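A.B. asks: My questions all concern the structure below.
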Amino acid sequence: MIVTPKFRGFICTTSHPVGCEYSVMNQVEYIKNQKKINGAKKVLVIGASTGYGLASRITAAFGCGAATIGIFFERPGSKNKTASAGWYNSAAFEKMAKEEGLYAKSINGDAFSNEIKQKTIDLIKKDLGKVDMVVYSLASPRRTHPVTGEVFNSVIKPIREAYTSKTVDFHTQLVSETTIEPASDDEIRQTIAVMGGEDWSMWMDALKKADVLEDNVMTLAYSYVGPEVTHSVYREGTIGKAKDDLEATAIKINENLRTIGGKAYVSINKAVVTQASAAIPVISLYVSALFKVMKEKNIHEGCIEQMYRMFNDRLYSGDLKLDSKGRICMDDLEMRPEVQNEVTKLWNEANNDNVKDITDIEGYRREFFRLFGFEFEDVDYNADVDIEVNIEGLY
């Protein structure tokens, strides 16, 4: 099948198997070209198929030489429908890990469920005994509670009052004003249930009870703070409330892990292009301006560069450089005052006439397409490709 990008709103409904493999290969090569990290050896990544979760798995495997188990919920390909990008990413990762002689197995299913938690515990016991690192990097729009059965849906909305701001449609490159109505109390509650810390805590409880955590285990979850311009819709909005809950959960997990010397951290990561962030008005314009400034200053990072820096310079360097709230700050380059001042200036100036020139909207658009395996110069998109790809180590 010849695969081209197809869209439904902000969602790209197709993905390219060869392009996704090429993307993973680039990330693997980046890590293999860095100095080795004396770090984790047996790693569980919950949410391992895209973005920061995938980059964490690649860094652990190819940077630390770790055995990895990845949990994700992805769609395989069929005769006439491509798989989701995360499926192709995971297939490529497993293939490359195997070639390198690294242990890699994956479980495809709902990480929020008790069933997948148990399946993961069984696999750890069978193959690894215990794990010394657990990365929690789930990005899901909904969650079925494993105890009550309630289905929660997350929303990206401001709280208390409507928010009006500039945004840019990266398909048309048109700047416009958008207004987002505030969330109801129930929408806030549901967003916290999906994107807060409860499931992370449930995972760590289950893993500890099953005795599959090594002494001095480390667990990480990822968050974002960002600048003032995004706060109404992000940090002070519904997602921010969920992230507050996630950060509070780290304290609870620390208590729980104390008996085995374990530690839980939240890492505040930088803004990158993800399927999730593309759906947030305001973020696309902010990230386009941020890319422009950080690339000019030669401090731009994607997921993989950032995860290597986190593992090498923070987690296993002996100095986590925690902030006053006990968080790891990987947004340090993004939040430099000189970067933010320039980004704010570009933000204020951006309009339909100049957005292509003063921001990196083109770079943002290309990054978005690359999430699905498109727009890589070295991939032949006119070639007929097999869209049914197996993941070798699926358990």
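In case you wondered, yes, glycine gets a Cβ from its N, Cα and C as well.
Annotated active site, proton donor per Swiss-Prot: Y234, in sequence order, evidence recorded as sequence analysis. Annotation source Swiss-Prot lists NAD(+) binding site at 47-52, 73-74, 110-111, 138-139, K243, 272-274. Feature annotation from Swiss-Prot assigns substrate binding site to Y224; the stated evidence is sequence analysis. The site 'Plays an important role in discriminating NADH against NADPH' annotation in Swiss-Prot covers E74.
Locate each feature and note its surroundings.
C.D. replies: Cβ-based neighbour count (10 Å, all protein chains) for Y234 (active site, proton donor) stands at 24.
Here G51 (NAD(+) binding site) comes close to S137, A139, V272, T274, C303: these same-chain residues lie at least six apart in sequence, with C-beta atoms under 8 angstroms from its C-beta.
For Y224 (substrate binding site), applying a Cβ distance below 8 Å and a minimum sequence separation of six or more within one chain yields Y234, R235, K243, I268, N269, K270, A271, D331.
Its own atom aside, the Cβ of E74 (site 'Plays an important role in discriminating NADH against NADPH') has 20 Cβ atoms within 10 angstroms in the protein chains shown.
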A.B. asks: Least buried of the binding-site residues L138, V273, going by other Cβ atoms within 10 Å?
C.D. replies: L138
A.B. asks: Provide the number of Cβ atoms within 10 Å of the Cβ of K243 (NAD(+) binding site), excluding the reference atom itself.
C.D. replies: 24
A.B. asks: Taking the Cβ of G47 (NAD(+) binding site) as the centre, how many other Cβ atoms fall within a 10 Å radius?
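C.D. replies: There are 25 such Cβ atoms around G47 (NAD(+) binding site).
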